[in-house]
Amino acid sequence: MLTVAIQRMGSLCSRHQNYSEADAEENVQAAEIERRIIQEGKAEKHIQKLLLLGAGESGKSTIFKQIKLLFQTGFDVPELKSYISIIHANVYETIKVRNTENGILHDSSKEFSQNEEDSSKYVLSAENKDIGMKLSEIGGRLDYPRLTKDLAQEIEVLWKDPAIQETYSRGNELQVPDCAQYFMDHLHRLSDVNYVPSKEDVLYARVRTTGVVEIQFRQAAAGSQLCVYRPLRGLFFEKASKSPVRENKKSGEVYRLFDVGGQRNERRKWIHLFEGVTAVIFCASISDYDQLLFEDENKNRMMETKELFDWVLKQPCFEKTSFMLFLNKFDIFEKKIPLNVCEWFKDYQPASTGKQEIELAYEFVKKKFEELYFQSTSPDRVDRIFKIYRTTALDQKLVKKTFKLVDETLRRRNLFEAGLL
Ligand SMILES: Nc1nc2c(ncn2[C@@H]2O[C@H](COP(=O)(O)OP(=O)(O)O)[C@@H](O)[C@H]2O)c(=O)[nH]1
Ligand SMILES: [Mg+2]
């Protein structure tokens, strides 16, 4: 690159009348380029690579969005607006109904109605038939329309229909988006003609990540600042505004965080990112133990997470990589107690009630992951760092606090490795 730049400068300069002046200028520019390349090379060495891994819907992209909010001024209006179609699609997915020979049913309750004697409870009531027909037609379209006030009102009526509520009461057996209730509670605001999604709406919005997205930022000792944010092979794009070299002069670690798709078909792309990773932030949704996978409805989500964590831990590239395990969706977990269903947790014995039981259940799950970590970590890797954090990715304060702890741990590790501790 340097040679090309010099060659280009050479051809430009050759048109100059005064060659010695041009040569001097050329030398100065070449020296400057070389100095910048050396500096950037040094800066790259200081960048700590963090990888968000975990199964689909474990909260990786929500953590990624939180980091973007914490280390940047937030989402600007065009970016917020880019979420309108995603949020409206989340609404239509929540209320997706289908016209069948037995009547209009929620898309997901077809199996329930086939396997149960009393299938009538899943059929929309007669007075909501027209709305049901309309939404069944919309649900079949490739592109959903923008949510209008009228549509929002009709969706609200349908949401309250006993058949839909009956279906949603068995949400753990269905592929129900976590954001369903939240968006149903805000239908009127979401359908306003001037609607601009709030920060919270964006955090709730569910979009399946494909490809890889990265953000680069600096966690300073007091406060923090963003350096650069740019896409790799992913969805988001924002122009890099500052050179990491300049930012790096200030104190604080520079991190580059990668978010990836979590579904099985996305995982083969992960391996390309495994080189030189400082820490894996593994997201495990601990509320998933009674749910089935989106991509394989015969597989329990927690069992998938267990196998995935085991596989990641054994990757040859991660011999010295630190592991930060985020036991995520604690807010949903605490509402689901007592634990049940999942094969991995079958030795769980409820011993108490209320808050105390929640703590016991959480400690039980944490211990399971700890045991798995040590079983899957060969003796030559025992000096890599392993930390577990209880998270709710939607809770900004908690994510901020957690990331600070992650940062402190990684800094201490660096000092130790440099022989300064
Ligand atoms: N209630 C709750 N919802 C969460 C939490 N973390 C993520 N979600 C929601 O779960 C859905 C999937 O999260 P996402 O970050 O896209 O998962 P990913 O597939 O791992 O990237 C989104 O609708 C999020 O808003 C959490 O801690 N609590
Ligand atoms: Mg994602």
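Note: Cβ is positioned from N, Cα and C throughout, glycine not excepted.
Automatic, uncurated: that is what TrEMBL annotation is.
Per TrEMBL, the features are as follows:
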type	residues	note
BINDING	57-62, ASP178, 203-209, 259-263, 328-331, ALA393	GTP binding site
BINDING	SER61, THR209	Mg(2+) binding site
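Recorded features from TrEMBL, shown on the structure.
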| residue | record | CB count, 10 Å |
| --- | --- | --- |
| GLU57 | GTP binding site | 24 |
| LYS60 | GTP binding site | 28 |
| SER61 | Mg(2+) binding site | 24 |
| ASP178 | GTP binding site | 19 |
| ALA205 | GTP binding site | 23 |
| ARG208 | GTP binding site | 12 |
| THR209 | Mg(2+) binding site | 19 |
| VAL260 | GTP binding site | 25 |
| GLN263 | GTP binding site | 16 |
| PHE330 | GTP binding site | 22 |
Expected list for ligand 2 (Cβ under 6 angstroms, binding-site residues ALA205, THR209, GLN263) reads THR209
Of the binding-site residues listed as ASP178, VAL260, GLN263, the one whose CA lies nearest the CA of THR209 (Mg(2+) binding site)
VAL260
Using a 6 Å cut-off on Cβ distance, which of the binding-site residues GLU57, SER61, THR209, GLN263 come close to any atom of ligand 1?
GLU57, SER61, THR209
Under DSSP, is ALA205 (GTP binding site) helix, strand or coil?
coil
Measuring Cα to Cα, how many angstrom lie between ASP178 (GTP binding site) and SER61 (Mg(2+) binding site)?
14
Pairwise Cα distance for PHE330 (GTP binding site)/SER61 (Mg(2+) binding site) [Å, integer]:
16
Cα of GLN263 (GTP binding site) to Cα of SER61 (Mg(2+) binding site), in Å and rounded, measures 13
